[in-house]
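Enquirer: Let me give you the structure first, and then I'll get to my questions.
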Amino acid sequence: MSSGKIVQVIGAVVDVEFPQDQVPKIYDALIVDERGLTLEVQQQLGDGVVRTIAMGSSDGLKRSEKVSATGKPISVPVGKGTLGRIMDVLGEPVDEKGAVETEERWGIHRSAPSFAEQAGGAELLETGIKVIDLLCPFAKGGKVGLFGGAGVGKTVNMMELIRNIATEHAGYSVFAGVGERTREGNDFYHEMKDSNVLDKVALVYGQMNEPPGNRLRVALTGLTMAEYFRDEGRDILMFIDNIYRYTLAGTEVSALLGRMPSAVGYQPTLAEEMGKLQERITSTKTGSITSVQAVYVPADDLTDPSPATTFAHLDATVVLARGIAELGIYPAVDPLDSTSRQLDPLVVGEEHYNVARGVQGVLQRYKELRDIIAILGMDELSEDDKLTVARARKIQRFLSQPFFVAEVFTGAPGKYVPLKDTIASFKAILDGEYDHLPEQAFYMVGTVDEAAEKAKNL
């Protein structure tokens, strides 16, 4: 094992000099002997000097400290021993429960499955969340993006999805917290514990306060753990919160390495970095990875290069809108902006497709009529339009749903709504079977029968 010495430290970037015939390869892990800090090789500068990114704080590092090359990339524990544990980017436990005991360790830099190994499927994954199951259904082995600005409920939606899928489908999940709040990571851990699903989730955190190296690589750490389960023949769920922070960490690293920035200050390698991660999140003939990624949208601008690059990789997009959150409708999913490739009569069936398009049609018409109502009032509308508006307002409220993970805030018990009940309920509203009920009866209920019960008490 060759050893070198530190020649320069600039923030998270550390230059290390090795003998010229023993220069480590790109992505190899190096270890600073005295403090056990891991460095990852990013560039070879010539004359035996490599430029590395520190996977931890570089405070107190000094020139000419000894560094050892490991001769291989960063490797992390994989297998059942990771379930129920909180780990950092290096796979080290941070939950004070002792070492993570697994038989194998895998390197975090792996190539994507070949074209021949990949498998496409059109099987639906039921989430129990009405608006998602009806309007932007998830495919097993697909990629889903939760788009939203600050504070519209991306993390809460993600927590609800993990809870529902772990309790209803009994599958394994891997959660990668990329540059999010430590408080959220803590809440998340306790939420999983209280729901008794912690033993089915592996948690990997690289939070906001950590150096950019950790935040850039933590998604790969989580993904490597998920790939192991997939290659065992399982159907895995991979949650990444937040993919924007992955891009942001890449921007910081890129600037520290001295690369020229591109549009809006992002790294010139934005598309390639995103592709490297996304192409590995895929289903093979042995097992599947279904991924749900929260995507922070800077200043609510969907054309920003980061969310725009992410869009290209997704099968379904769930757009969380501030305007809907302001109405008090949660989950604040925009029913007209959210899309899914699975919403096709050949995949979901004629009835589901027609009900979904019917719901969107009514909401679209209501959107068009809103200006007229604002200027002239409801009385100027035709009878047909009045009926459309009344139904649209009921549908809008009925798209809300009490969440299990939000019970502590709302005081209302959570609801899991099976897909067949969702379709039947919306079909009944569209067919006018509930035109006689007041619209507030439809707010924060599960099925339409609950709305009818609620109406009796209003």
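A Cβ is built for glycine as well, from the same backbone N, Cα and C atoms used for every other residue.
Summarising the annotation, Swiss-Prot assigns ATP binding site to Gly148, Gly149, Ala150, Gly151, Val152, Gly153, Lys154, Thr155.
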Enquirer: If you skip the near sequence neighbours and keep only those at least six away, which residues in the chain come within under 8 angstroms of Gly153 (ATP binding site), Cβ to Cβ?
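Expert: Residues satisfying the criterion: Leu320, Ala325, Tyr330, Pro331, Ala332.
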Enquirer: Would you count the other CB atoms within 10 A of the CB of Gly151 (ATP binding site), including those on all shown protein chains?
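Expert: Neighbour count, Cβ to Cβ under the 10 Å cut-off: 10.
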Enquirer: Same-chain residues six or more away whose CB lies under 8 A from the CB of Ala150 (ATP binding site)?
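Expert: Residues satisfying the criterion: Tyr296.
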Enquirer: Around the Cβ of Gly149 (ATP binding site), how many other Cβ atoms lie within 10 Å? Please give the count over every shown protein chain.
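Expert: A count of 17.
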Enquirer: Suppose we draw a 10 Å sphere around the Cβ of Gly148 (ATP binding site). How many other Cβ atoms does it contain, all chains included?
Expert: 26
Enquirer: Just jot down the residues in the same chain as Lys154 (ATP binding site), at least 6 apart in sequence, with C-beta under 8 A of its C-beta; none if empty.
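Expert: The answer is Leu146, Gly148, Asp241, Asn242, Ala294, Val295, Tyr296, Leu320.
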Enquirer: Just to confirm: which same-chain residues, 6+ apart in sequence, have a Cβ under 8 Å from the Cβ of Thr155 (ATP binding site)?
Expert: Glu180, Glu184, Phe188, Asp241, Ala294
Enquirer: Looking only at DSSP and grouping its letters into three states, which state does Gly151 (ATP binding site) belong to?
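Expert: DSSP assigns Gly151 (ATP binding site) to coil.
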Enquirer: Residues other than Gly148, Gly149, Ala150, Gly151, Val152, Gly153, Lys154, Thr155 within 8 Å, Cβ to Cβ centroid, of the ATP site?
Expert: Tyr296, Leu320, Ala325
Enquirer: Excluding near sequence neighbours, so keeping only residues 6 or more apart in the same chain, what lies with its CB under 8 A of Val152 (ATP binding site)?
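Expert: The list for Val152 (ATP binding site) reads Leu320, Ala321, Arg322, Ala325, Ala332, given in order along the sequence.
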